[in-house]
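Notes for the one structure printed next.
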Amino acid sequence: MAKATNKLHSKDLRQIGFTNDQHISLALDILDQRELRRLDKGSAQALLQEIKNDPFKYLRDENWRPLAEQLVPQPSRDVALNPEIKDYRRYGEAFIEDGAHKQMDTAMQLPVTIDGALMPDAHQGYGLPIGGVLAVDNAVIPYGVGMDIGCRMALSIFDMPASYLGKHSQDLRKLLLEHTKFGNKEVFKKPFTDDPIFERPEFREIGVVRHKRDSAMAQIGSSGSGNHFVEFGLVDITDPNNEMGVPVGQYVGLLSHSGSRGLGAAVAQHFTKVAMEKCPLPPQARHLAWLSLDSQEGQEYWRAMNLAGDYASACHHDIHRRLSKALGNQPLAQVENHHNFAWKETLPDGREAIVHRKGATPAGKGVLGVIPGSMTAPGFIVRGRGERDSLQSASHGAGRRLSRTQAKAQIGEGDMRRQLRDHGIELIGGGLDEAPGAYKDIHQVMAHQRDLVDVLGTFTPKVVRMDAGGSRGKGRGE
């Protein structure tokens, strides 16, 4: 792709308020990346002005994160980390990249940290690593929960023969196109605004939530971009003693993965900024800034987080209600679990703690969940075993083997399409960074957590819909 003719220079950045030579040099270097060269001068200036004014918004942008991190206001005095790293359990340690270990090590140095664990699908993220579990004392870390608060899996199992998937794949494709919406531009013409969640007092009493009520109403029942999906597939129940009451056998399943949409992102951005201002940490730990639950801000975040989680659940219920009606069949059973959240829990020693699961599945004794694989690998319906060392947690997916950028550079479009075709997968939307080869082997991941969950059955994708808008920000199941 050719460079834009209106290339920015240092003086152009100074005109919009950049004064630091290092920041200017970094911004110009980023603009020179191939995918950004097409920006004209006006668009580039406007984008940089926005990043300068609100760097928090770009902390998860793969291109602009280095600049955003430099532009985040630096506190004058840091809260000191503990010099020693508290011990924590690592599942599939050799299977996990160094960046995730380093991020977890930093989290284990926080003064409020009690305990932690790292799941076998872990990879480097933002703040806590994806697959990180952290128990802290009377505090909550907004960025430890993440930007997509309450992101979750929801599975419906229908009493329909498995052969239906092959015979009616085009019908299922049409249902997904008609009854699901993805990304920031697609919403339903008639969203389910009668959901009782919109009467919750948080929408009146918390400013950042109040300002997002209208958009939350418009977006209900929709899915985000990134790795979010809605898919039909084959459910194979293998354990007769399952809590769902579903006999051993094969069924049609509907699986969805998405979170709290713009509402959750706004809550995360606002309270992360507040936490960073109130709890200044050294540079390597600043995204782990916490809010005391004894503070007004901590209580506001806790209420807003729980609302966002409930809103995410309401979105899934709307998705499954719409598609069940269109399918003309009601589910035999449903399984739902979230994996970006913080919970009040009692630890084995009797202490109460706030347990953050950043891309980790709750796996308390008897708790059901879904751990997805990739588009060509099965996901697993699981029952938690309540393992203490893992803080009653398990992986939330296969976990990324390649970053988004690596996947797009190393995997060809034709290769991905052939792989999907060979596995009989019908894909609507999607991108190379969601290609099966971008993920770890889910079977290896599950082998490293045999002590954490029992497998009740599997879900194999067949007709998959994702956002058609391009690249994905997270690994499948994050």
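Cβ from N, Cα, C; glycine included.
Annotation source TrEMBL lists active site, GMP-histidine intermediate at His396. According to TrEMBL, the Mn(2+) 1 binding site annotation covers Asp148, His228. Sequence annotations record features per position, and here TrEMBL assigns GMP binding site to 227-231, 339-340, 372-375, 396-399. For His257, His339, the entry in TrEMBL reads Mn(2+) 2 binding site. TrEMBL lists 388-408 with the feature region 'Disordered'.
Locations of recorded TrEMBL features on the structure.
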residue : record                                  : Cβ within 10 Å
Asp148  : Mn(2+) 1 binding site                   : 28
Asn227  : GMP binding site                        : 27
His228  : Mn(2+) 1 binding site                   : 26
Phe229  : GMP binding site                        : 28
Glu231  : GMP binding site                        : 27
Gly373  : GMP binding site                        : 25
Met375  : GMP binding site                        : 25
His396  : active site, GMP-histidine intermediate : 33
Gly397  : GMP binding site                        : 32
Gly399  : GMP binding site                        : 29
Could you state the CA-to-CA distance between His339 (Mn(2+) 2 binding site) and the residue listed as 'active site, GMP-histidine intermediate' to the nearest Å? 7
Surrounding residues of the region 'Disordered' (388-408) on its own chain - C-beta under 8 Å, 6+ positions past either end: 62, 89, 91, 115-117, 119-123, 130-131, 133, 135, 339, 345, 347-348, 355, 357, 359-365, 367, 369, 371-374, 377, 379, 382, 431-435, 437-442, 445-446, 449, 451-453, 471-473, 475-478
Nearest by CA distance to His228 (Mn(2+) 1 binding site): which of the recorded positions is it, out of His257, Asn340, Met375, His396, Gly399? His257
Hey, how far is the residue listed as 'active site, GMP-histidine intermediate' from Asn227 (GMP binding site), Cα to Cα, in Å? 13
Using other CB atoms within 10 angstroms as the count, which residue among the binding-site residues His257, His339, Asn340 scores least? His257
DSSP tally for the region 'Disordered' (388-408), helix/strand/coil in that order, comes to 5 helix, 4 strand, 12 coil
Can you tell me whether DSSP puts Phe229 (GMP binding site) in helix, strand or coil? strand
Spatial separation of Asp148 (Mn(2+) 1 binding site) from Asn340 (GMP binding site) - C-alpha basis, Å: 7
Quick one: which of these binding-site residues, Asn227, Phe229, Met375, Gly399, have their CA within 10 A of His257 (Mn(2+) 2 binding site)? Asn227, Phe229
May I ask for the distance between Phe229 (GMP binding site) and Asp148 (Mn(2+) 1 binding site), taken between their Cα atoms and rounded to an integer number of Å? 14
Residue pair Glu231 (GMP binding site), Asp148 (Mn(2+) 1 binding site) - Cα distance, angstrom, rounded: 20
